[in-house]
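Taking it in order: structure first as structure tokens, then the write-up.
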Amino acid sequence: MNENNITNKAVEINSLSKIYGNSSGNHFTAVDNVNLDIRKGEVFGFLGSNGAGKTTTIKMMCGLITPTTGHILLNGCDVARDHGEAMRQIGVVLEGTRNIYWPLTAWQNLMYFGSLKGCARKISKERGESLLKELELWDRRNDIIRNFSRGMQQRIAIACALIADPPILILDEPTLGLDVEAMQIMKALLKRLAQDYKKTVIITSHQLDVVQALCERVAIMHKGKIIADKNLNELLMLFGQGYYQIKIQGVFNGHRNDELKDFIIKEEEGVTLLTGAIDSQTKLYTLLDKIREKGMALLSVSPLEPDLEEVFLKLVKNEKEIDNHDNIKNYA
Amino acid sequence: MTTLKTMLNETYKGLLIAWNYKFETFLQLVMMGIVFIGIGFIIGGGQVSTGQLTYTLIGYSMWLYSSIVISGMCRDLLGEAQAGTLEQIFMSPVPVFLILIGRSLATLITATINILLFAVVILWTLKANISLQWQGLVIFIITMAGLFGFGFIIAGMTLIFKRVGELAGLTANALLFLNGSMLPVEQFPRWLALVAKTLPTTQGIILLRDTLLKMQPLYELWKDGSLLLLCSQSIIYFGGGLLVFIWCARKAKLQGTLGYY
């Protein structure tokens, strides 16, 4: 047994890069020296804007794109050297509307993917039945996938990814295109998979609320690099600490002085909400004093629950500013 | 054992999907019949000669195989890329070229059912017959191995160049005139006959006619070297085709274009 098999790492990515080149000598770095470990049983979120390199990284993990440098171990199996064994470690639903055969029934799809993953027919049947019952689709097992709703198709795709009981489940944009109800069902399903079945789940999504609701740890990619890799709470506290909402009665009649420079001020039904960052208790009290001096009635002061979307946007914005600064320096 | 099961699983899936398109297949059969009778009229100078038609039927049937295999492999792979299932196949623990062989078996079975149905109806309508012999089956199998090898090359190219569909269609149609389906290769100009004989199915058609119509036994075909030529061609096409497919799959993974369509 490989030494890595006895470690607690489900995924190990070392010095992973992917550089695309064309015949005219232009190069594009899609993934730039990524190092990442994902623990067994962890629910891991991969975030990034379009073209950040998430899908390329995921596809390299699945052996669908050959890295330029670096290597990936899935439960200790090297994707490049031991492709067959590495593939037994993962069940994958890639981005897109399909991952399964639409002309076939749900049951035929499950049996096909079971065998494709090297599962014995008897085991596929047992697991297929249990998965369909779990997903509340057992009664529709003999229906053609084409006639299913988008949410049901996505659930069948996940069932197919799980048919061989892989320890790692990789989901690229699993909630894309789902309506609110289907998204709630999907979130609950993914939560159950992580909690009840102890799977390592890797999710990429643009829907940050989905990632915030499900993931324990989140990595953010920008221009092929990982710019943050932290536990969800740590990540939220990066920018979330010191955010307050101050509620006052009536219309705000003060000036946008230094304390309120970056505040969002909204008036709703006779109440004014002042929302923004205050990095020290002293500044908070100073601001409250000023509000009192203006004769405005204070209704409440509450620290704000940090939001992943805000953290993500700030991190990416910071990176863009660094890029611009570097570009200007290089130009000069 | 697992590998064999996975290959047969691919065959079974191919047959299930083909069954879903049975109405389209029936229409294709009708179309095949109309085109074949039309060709018979042209070759017979406005008349249908039974002797000429049995001769042409062998060539035409083999061309149908070529057309189904070459266009089908390309269309299926592009269809799967579009459906997102191609990448799932590449994530199987079983090497993808073995899955491709399993898939080819499904294509062979469905094509054989279609072409047999077509041939039986034509022979019955024209009150003609072809004496079926086991030697013919041996030649058919060897020819098919070469044809599928050629199909693997087209399939491999499809993984890299996504616009191969038109080329595959063109190649399949060109074979109708170049593989001796309509006219014996001996009647071609010398240079064209040389080119034609390197194509898959040309030598197979010649030998099938020799066994089924001229009743030549296999050992005579072996003695004059024509069967050896067919075997060599099929080995080269099959082996070469698999190697090209594997190479193309690697290239597509390097370029990151595997799932593109």
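Placement of Cβ uses the backbone N, Cα and C atoms for every residue, glycine included.
Among the features that TrEMBL reports, domain 'ABC-2 type transporter transmembrane' is placed at B:14-212.
As annotated by TrEMBL, transmembrane segment applies to B:26-45 (among others).
Per TrEMBL, transmembrane segment is recorded for B:98-125 (among others). Long-range contacts of the transmembrane segment (B:98-125) within its own chain (CB-CB distance under 8 A, at least 6 residues past either end) are made by residues 3, 6-15, 18, 25, 28-29, 32-33, 36-37, 53-54, 57, 61, 64-65, 68-69, 72-73, 76, 89, 92, 144, 148, 151-152, 155, 245.
Marked as transmembrane segment by TrEMBL: B:137-161 (among others). Using a Cβ-Cβ cut-off under 8 Å and counting only residues 6 or more beyond its ends in the same chain, the transmembrane segment (B:137-161) has close neighbours at 62, 65-66, 69-70, 72-74, 77-78, 97, 100, 104, 108, 167-168, 171, 200-201, 203-205, 207-208, 211, 218, 221, 227, 230-231, 233-242, 244-249, 251-252, 255, 257-258.
Annotation source TrEMBL lists transmembrane segment at B:227-249 (among others).
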- Which sequence positions outside the transmembrane segment (B:227-249), separated from its termini by at least 6 residues, show Cβ-Cβ distances below 8 Å to it? 90, 96-97, 100, 139, 142-143, 145-153, 155-157, 159-160, 197-198, 200, 203-204, 207, 218, 221, 258
